[in-house]
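So that you can see what the record holds, here are the features copied from TrEMBL:
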TRANSMEM  12-34  transmembrane segment
BINDING   H142, D175, D236  Zn(2+) 2 binding site
ACT_SITE  D144  active site
BINDING   D175, E210, H482  Zn(2+) 1 binding site
ACT_SITE  E209  active site, proton acceptor
DOMAIN    258-404  domain 'Peptidase M20 dimerisation'
Amino acid sequence: MTDRSGECNIMKLVKIVSLSLLFVVIVCFVAATLRTLTFDVNSGLQLAHWEKTNNIASDINQHQRKELLANFREAIQIPTVSTAKTQLNITALGEFDSLLRRVFPTVFSSHLVQHEVVANYSHLFWVPGSDLALVPYMLLAHIDVVPADENDGWEVPPFSAKEIDGFIYGRGTIDNKQSVMGVLQALEYLLIRGYSPQRGFFIGLGHDEEVGGLQGAMNIVKVLKRKGVQLAFILDEGLAVLDGVISGLQGPAALIGISEKGQATVKLSVFKAPGHSSMPPRESSIGILAGAVKRLEDNPMPILFGEGPERRTFEHLAHRFGLPIKFVMSNMWLFSPLIGRVMERSPDTNAFLRTTTAVTMFNSGVKVNVLPSLAEAYVNLRIHPAQTVEEVLEFIQSTVGDERVKMELVNGFDPLPVSSYDETSFGFQTIKKTLLDQFPQVTVAPGVCIGNTDSRHYTDLAKDIYRFAPTWIRPGDTQRFHGINERISKKNYEELVVFYFNLIQNCDIKELPSPHSAGHEL
């Protein structure tokens with residue numbers, strides 16, 4: 001009887017547990033389904049008609065179209081290459097200065113514009129507003145580009161600005177001379193048409209962003225600090241309009257960077273006594289270091305998807321997916337681990353999930369028959385917003401797990417603060433309105449910039465920093481950044497000019513209108 005009673009109790013317990021689990025699953029499914037049907041983070045981001053409605057029209061005639069493309073081509077043809085902090089093409093930077101003064105004569109001669117050269121080659125413009133009570137904002141871009149060699153596989157010489165099928169090819173077309181020239185071209189046209197801003201703004205053009213911005217951006221910041229400047233927001237390069245890049249998304253998405261990953265460069269080194277290659281030890285300095293590097297590659301940093309602002313990117317885009325992806329994207333609380341496992345399969349999306357680890361340099365040996373005493377490797381890490389430099393270093397140390405491998409932090413900084421992006425965020429909503437007025441088919445979402453920009457030096461001047469340019473990126477284009485066959489369509493460059501032309505005017509409102517359901521949807 002006791003055995004039979006015990007079996008009955010066990011069966012009852014199993015049934016209770018099974019029914020409980022089934023109940024939990026049903027509740028979760030119902031909750032997820034309701035959330036999928038009702039969830040839309042954009043539902044509260046609707047604004048009334050804006051205060052300023054008499055903007056100057058951004059009509060570009062045939063002569064201006066020919067002019068702006070010719071100016072842009074000239075900018076691409078000047079090889080303003082930054083190779084290292086002390087290796088800048090100063091001749092090209094001088095030529096670029098002359099180009100700007102020649103093709104934007106109104107900008108450089110207008111009584112409305114104050115200009116100064118900073119650190120010999122960077123530029124700072126100040127356009128005062130008529131309403132001194134309005135806090136100014138700032139537009140950033142950078143003049144320098146990374147090296148490019150035609151022998152790497154370019155279809156055309158990388159500084160030729162040659163046109164193929166409606167695209168202008170050349171280093172700097174999407175990083176970042178399209179913004180340099182686009183901002184100044186927009187200001188030139190506005191000034192010619194008699195525009196005078198209500199809200200003042202700065203334009204900062206750094207000359208060494210590709211090697212850290214330690215001369216250009218940092219000295220521009222020093223100038224602004226001496227003037228006591230505080231900014232409403234900053235807009236720099238960063239993310240773009242993605243068209244067909246996000247699998248399953250219905251229509252293009254404009255991702256506005258609200259933060260950027262941190263960065264660290266770590267040197268790993270191993271020292272051993274040198275010797276003759278005919279009498280090798282069981283482990284060489286190269287072998288020990290190679291093992292450490294292999295352990296780092298085999299054990300990537302943990303997936304942190306959902307712990308940083310990247311979660312909000314997918315929540316903002318969820319309503320633009322079809323089922324079943326919409327069901328998954330609308331319920332991050334349930335499916336974050338699954339999404340993370342899927343996204344880590346591709347380098348493009350893996351970068352949003354975790355701190356990435358890239359071994360970029362490995363140096364050792366002086367002669368084929370000499371055992372080297374020193375082996376060195378450099379590891380570049382792009383740090384997820386949910387981690388710090390200190391945490392990353394601890395992870396590397398524990399993963400390497402070998403006291404013979406010395407670790408040195410060459411340089412590094414933590415991820416940047418997250419800027420506001422709700423319906424009360426002046427900068428984000430103004431950028432978003434400008435985008436949707438020009439590209440109504442686009443879905444706008446906040447995002448995380450996986451690269452680093454000059455704007456990281458400006459955190460003391462503005463609480464809100466955004467990283468975006470309306471450059472259209474289609475499948476295959478992400479490899480063009482710092483790669484071969486960098487290009488932009490002529491149409492897209494003209495769109496950039498129009499975007500900045502309208503953005504500058506849209507910033508003239510005193511404050512955002514109060515949200516309501518019948519207004520202009522942002």
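From the backbone N, Cα and C atoms, a Cβ is placed for every residue, glycine too.
Because TrEMBL annotations are produced automatically, they should be read as predictions rather than curated entries.
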Beyond the listed site residues H142, D175, D236, identify every same-chain residue whose Cβ lies within 8 Å of the center of their Cβ atoms for the Zn(2+) 2 site.
L140, A141, N176, S179, G206, E209, E237, G238, T453, D454
Given a 10 Å Cβ-Cβ cut-off, pick out the one of the binding-site residues D175, D236 that has the most other Cβ atoms nearby.
D236
Fewest Cβ neighbours within 10 Å, where candidates are the binding-site residues H142, H482:
H482
I'm trying to understand the geometry here, so how far is the Cα atom of E210 (Zn(2+) 1 binding site) from the Cα atom of D175 (Zn(2+) 2 binding site), in Å to the nearest whole number?
10
Excluding D175, E210, H482, which residues of the same chain place their Cβ within 8 Å of the centroid of the Cβ atoms of the recorded Zn(2+) 1 site?
V145, V146, N176, F481
So among D144, E209, H482, all listed as recorded positions, which is physically nearest to D236 (Zn(2+) 2 binding site)? Use the C-alpha atoms.
E209
Neighbours of E209 (active site, proton acceptor) among the recorded positions H142, D144, H482 (Cα to Cα, within 10 Å):
H142, D144
Would you mind listing, in sequence order, the residues at least six apart from D144 (active site) in the same chain with a Cβ closer than 8 Å to its Cβ?
T80, V81, S82, L88, L93, G206, H207, D208, E209, E210, V211
For the recorded positions E209, E210, which Cβ has the most other Cβ atoms within 10 Å, all shown protein chains included?
E209
PLDDT averaged over every residue in the domain 'Peptidase M20 dimerisation' (258-404):
92
Can you grab the distance from H142 (Zn(2+) 2 binding site) over to H482 (Zn(2+) 1 binding site)? Cα atoms, rounded to a whole Å.
14
